[in-house]
Amino acid sequence: MFSVLHRRQFAIIAGIMQTLFIVLFAKYVKYIDPLDDSRRVYSGTDYPLFQDVHLMIFVGFGFLMAFLKRYGFSAVSVNLLLSAFVIQFAMLLRGFLTVAFSETGLFSIGIPEMISAESSCAAVLITMGVLLGRLTPVQFLLLAFFETLLNVVVEHFVFNYLHVNDSGRSLSVHTFGAYFGLAAAMVGHKKNVMEMDEHGGIHHSDLFSMIGTLLLWVFFPSFNAAIQEPEDARHRAIMNTYLAMASSTVTTFMVSSCVDTLGRFNMIHIQSSTLAGGVAIGSAANAVLYPYHAVIVGVVAAILSVIGHAWISPRLEKSLHLFDTCGVHNLHGMPGILAGMLSIGFAYFYEPESYGKTLYHIYPYWIGGELNGDRENVSQAQYQAIGLLVILVTAIIGGLLTGCILKIKIWNQVDDPDFPHGEMNYYAQSDVNFLSKYKHAQEQQRLRDREQMHEIY
């Protein structure tokens, strides 16, 4: 009975949650009126950016993690599962936190809410990158539930009460997702799947991973600019991300060659550190006023990321037994903290007059605005620092608690690292058969499943 429960618990839990989503959407959610003059015609302006972000989440992140030969299915299929789950859950959570819901019992959704839901997906997928190969699908689903719940609540507090500028979501997405996953990994004490198999990656899977890298690289400006208002802030976010990504890429190749004894390029650096500039510029993407500042940010982020891969990660594994499957700490964690520190610096040093009317979109609680705020350079920089601290503390504590929950033996656990089938426990064989071959294929499938279950249990 216990083994049957383990085999069916994912379907049971997923079914219960999806049913609950249906009930909540039916009771509380409606669409916006796209003809409302008080809002932009979102289908004409925001939907192209949403499509870019959508492609990043469902294809870019999936293929970025597809370099492990024993966990390629999980990289792309669990990525799809968690994204579809989080989209619904995050929309509901954010809707319940709106003023409209508190006043009327209903809330509206449109393209902006879709974009915000995608950002919650990114946080969970970043965490997935830390734990890939060490959690079963049901554990990933539970992780997505707890992380999304905490992430949305903390994001609401940081944005609506602290009024922190995190325009590209480097704090609430990249930093939160990275350190939530790292904290959960510390509790798990399971080895990196690259350590389980001396040939963890293979040639064609590295090529798949580069597809993910290129997709994320191309569409990263849209990710950082999607929620920006007004148009000059959006334009700055696009241009700053574009320049930071370019300088980050060149620097990655340069530093990767320097850290290798024979001057070669390391594909792990190319697959991840080339994206570090987009993460590091994210929090202040709408605030950076000078192109050369964006270029410098990209250079610093790439150096930090490659050094992380080459020297910091091995030491964390050796001293703290902190195994990070996809090097998330080097791509999202440290560049995310760098983004938070840069947002503090830009708020402190830039002259507010340089932004014109855009100032109150970037820093809504600045003195003289509609919210009757009292902030200036020093106080806004202080709040930026508080926001970074809140994100880090809640992510680490939340990750530790979630890791403890996922260790409970009632949940289906990953097999021993030496188990030969890897992730194949979770996927049936996909034979293509037609007409007269169908019945024979079914019988062969049943025999294979019976043999596999005998080996497992």
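Cβ atoms here come from the backbone N, Cα and C positions, even for glycine.
From a predicted model like this one, the values you see are computed outputs, not experimental measurements.
Among the ranges 106-125, 266-285, the one that TrEMBL lists as transmembrane segment is 266-285.
Of the ranges 239-259, 266-285, 385-406, the one with the most Cβ pairs under 8 Å to the transmembrane segment (333-350) is 266-285.
Only residues 6 or more beyond the boundaries of the transmembrane segment (239-259), in the same chain, are considered here, and those with a CB under 8 A from a CB of the stretch are 168, 217, 220-221, 223-225, 265-266, 269-270, 273-278, 280-282, 284-285, 288, 291, 293-299, 301-303, 305-307, 310-311. Contact check: the transmembrane segment (266-285) against the transmembrane segment (385-406) gives fewer than three Cβ pairs closer than 8 Å, residues 6 or more apart, which falls short of the contact criterion. Here the transmembrane segment (12-29) sits apart from the transmembrane segment (207-227); fewer than 3 CB pairs are under 8 Å, leaving out pairs fewer than 6 apart in sequence. Here the transmembrane segment (140-159) lies next to the transmembrane segment (385-406) in space: the count of CB pairs under 8 Å, restricted to residues six or more apart, reaches at least 3. With a cut-off of 8 Å between Cβ atoms, the residues of this chain six or more beyond the transmembrane segment (385-406) that come close are 127, 135, 139, 142-143, 146-147, 150, 154, 157-158, 162, 164, 166, 171-172, 175-188, 337, 340-341, 343-344.
For the transmembrane segment (207-227), the list of distant contacts is 46, 48-50, 52-53, 55-56, 59-67, 72, 112, 115-116, 122, 167-169, 201, 234-235, 237-242, 245, 249, 267, 270-272, 274-275, 278, 281-282, 285-286: same-chain residues at least six beyond its ends, Cβ to Cβ under 8 Å.
Model confidence over the domain 'Ammonium transporter AmtB-like' (37-426) stands at 87, taken as the mean pLDDT rounded to a whole number.
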